[in-house]
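Here is what TrEMBL says about this protein:
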- 28-109: domain 'Manganese/iron superoxide dismutase N-terminal' (DOMAIN)
- His53, His101, Asp190, His194: Mn(2+) binding site (BINDING)
- 119-222: domain 'Manganese/iron superoxide dismutase C-terminal' (DOMAIN)
Amino acid sequence: MALRSLVTPGTLTRGAKSVGLGLRGLHTFTLPDLPYDYGALEPAISGEIMQLHHQKHHQTYITNYNKALEQLDEAITEGDASTVVKLQSAIKFNGGGHVNHSIFWKNLAPANEGGGEPPKGSLGWAIDNHFGSLEALIQKMNAEGAALQGSGWVWLGLDKEFKKLVVKTTANQDPLVTKGPSLVPLLGIDVWEHAYYLQYKNVRPDYMKNIWKVMNWKYASEVYDKENP
Ligand SMILES: [Fe+2]
């Protein structure tokens, strides 16, 4: 009886509060601005797609992520273990959506602001070393993106542990780190239909072919140099 009384919900709730297990000062998220105008990536990606993608899709991930975090905060404060576990998939999906899209916007740049210019310096050298050439890397990422079933992402990442470049795909909104804790995203291509359907209909390979014309290799190089000193 004594043991049973120790694990009543009331005791757990009081215990959680008394040791401060709630997420004090809960941090929620807001939609980051794009570093360019919605129409600035045309003709590779239409302004209509960019606006909807940013204002509707990314915003929805953020709204639902914040909602899940607030529910998590409450569940932890109340010692509600079942709800804490139940919220994990919503946190992974919507938090992943926020993380991935925040990278994606920075992965792109208007053609008149350096978009599409091949990587220089250490990243350019590493790509030649690992994949043979930039063209070979692009072909590999395009092929993996075209073959990815359903919705997801194609990534060029740095494996910090083995100090090598990798190409990976992730399903749904899984961030690259779900494929390995030492993986850092350099470039991510969103291959959800919402990223291209209004312009390219069902022809994902054409979208993937054209996105390289607005790829921000300068951003990828900066991340690479920072993470691989
Ligand atoms: Fe997206």
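The backbone N, Cα and C atoms fix where each Cβ goes, and this holds for glycine too.
Counting every protein chain shown, the number of other Cβ atoms lying within 10 Å of the Cβ of Asp190 (Mn(2+) binding site) is 25. Cβ atoms within 8 Å of the centroid of the Cβ atoms of His53, His101, Asp190, His194 (the Mn(2+) site) belong to the same-chain residues His54, His57, His58, Phe104, Trp192, Ala195, site residues excluded. Cβ neighbour count for His194 (Mn(2+) binding site): 13 (other Cβ atoms within 10 Å of its Cβ, all protein chains included). His53 (Mn(2+) binding site) carries a helical DSSP state (H, G or I).
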